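What Swiss-Prot says about this protein:
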- ASP15, ASP17, ASP210: Mg(2+) 1 binding site (BINDING)
- ASP15: active site, nucleophile (ACT_SITE)
- ASP17: active site, proton donor/acceptor (ACT_SITE)
- ARG24, ARG126, ARG137, ARG144, SER182, ASP184: alpha-D-mannose 1-phosphate binding site (BINDING)
- PHE222, THR227: Mg(2+) 2 binding site (BINDING)
Amino acid sequence: MAAARKDAGVLALFDVDGTLTAPRKEVTPEMLEFMKRLRENVTVGVVGGSDLVKISEQLGKSVITDYDYVFSENGLVAHKDGKLIGTQSLKTYLGDDQLKEFINFTLHYIADLDIPIKRGTFIEFRSGMINVSPIGRNCSQEERDDFEKYDKVHNVRPKMVSVLREKFAHLNLTFSIGGQISFDVFPQGWDKTYCLRYLEEFKEIHFFGDKTYKGGNDHEIFESDRTVGHTVTSPNDTVQQCKSIFLSE
């Protein structure tokens, strides 16, 4: 019965961190079960800033078949029905010389940054973006939580973004603060709206995300004319909103 009611023209599209899972945590069995139920009614997709490996760590190894669409790196790597349907490369787009200039400057900036602790993996190069973390991505969860609180008071990431934006204005880059400890850097237009080019068949796209404010990594897709945007505060809130929108009968 449920499958027959499915509205193929409607897509529910979800951010990962803070929307389907707690930040950098694994999805709960309850959320997986709810998503399965939701898929009986509407088409379901996820779009995350992280690469597919990290999204799989959070949503499970079968993620590309658990959802109709999986967009990693904001959709620069796109899967539909478990199959790869598109990729885009930052290296090809910017070239090695400009990449090296950006990475060198960023590492020098972090080296001179006075913050309580630093760990490792300050820059992570992905196929479609660069992720920059002033504290370093391999800090512990406790250190992540502490840095997030420190950053809210001292604006470490916003200040760093401001410097980089001015220094590299000629590259037309977007800087998007997301998660607890880092920010993403990518060419303008390579934000989460990038995935919408694969979704033209849908008459209604509902997007759910927690960082929908200006500067947050859900902002552009939340504001897009192509989507109906919903701001969520937690995975539980996501479930409640979806129930009232899609499963209210």
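Numbering starts at 1 and runs along the chain as it is shown here.
Just so it is clear, glycine is given a Cβ too, placed from its N, Cα and C backbone atoms.
Summary for the binding-site residues ASP15, ASP210: the Cβ-based neighbour count within 10 Å is maximal at ASP15. The separation of ASP17 (Mg(2+) 1 binding site) from SER182 (alpha-D-mannose 1-phosphate binding site), Cα to Cα, is 13 Å. For the pair PHE222 (Mg(2+) 2 binding site) and ARG137 (alpha-D-mannose 1-phosphate binding site), the C-alpha distance works out to 27 angstrom.
Same-chain neighbours of the Mg(2+) 1 site beyond ASP15, ASP17, ASP210, judged by a C-beta within 8 angstroms of the site's C-beta center, are, in sequence order, VAL16, GLY18, THR19, LEU20, PRO23, GLY48, GLY178, GLY209, LYS211, ASN217, ASP218, VAL232. DSSP gives ASP15 (Mg(2+) 1 binding site) a coil state; it is part of no helix or strand.
In space, ASP17 is the closest of the binding-site residues ASP15, ASP17, ASP210, THR227 to ARG137 (alpha-D-mannose 1-phosphate binding site), judged by Cα positions. Residues near ARG126 (alpha-D-mannose 1-phosphate binding site) in space but far in sequence (CB under 8 A, at least 6 apart, same chain), listed by position: ASP51, GLU73, LEU90.
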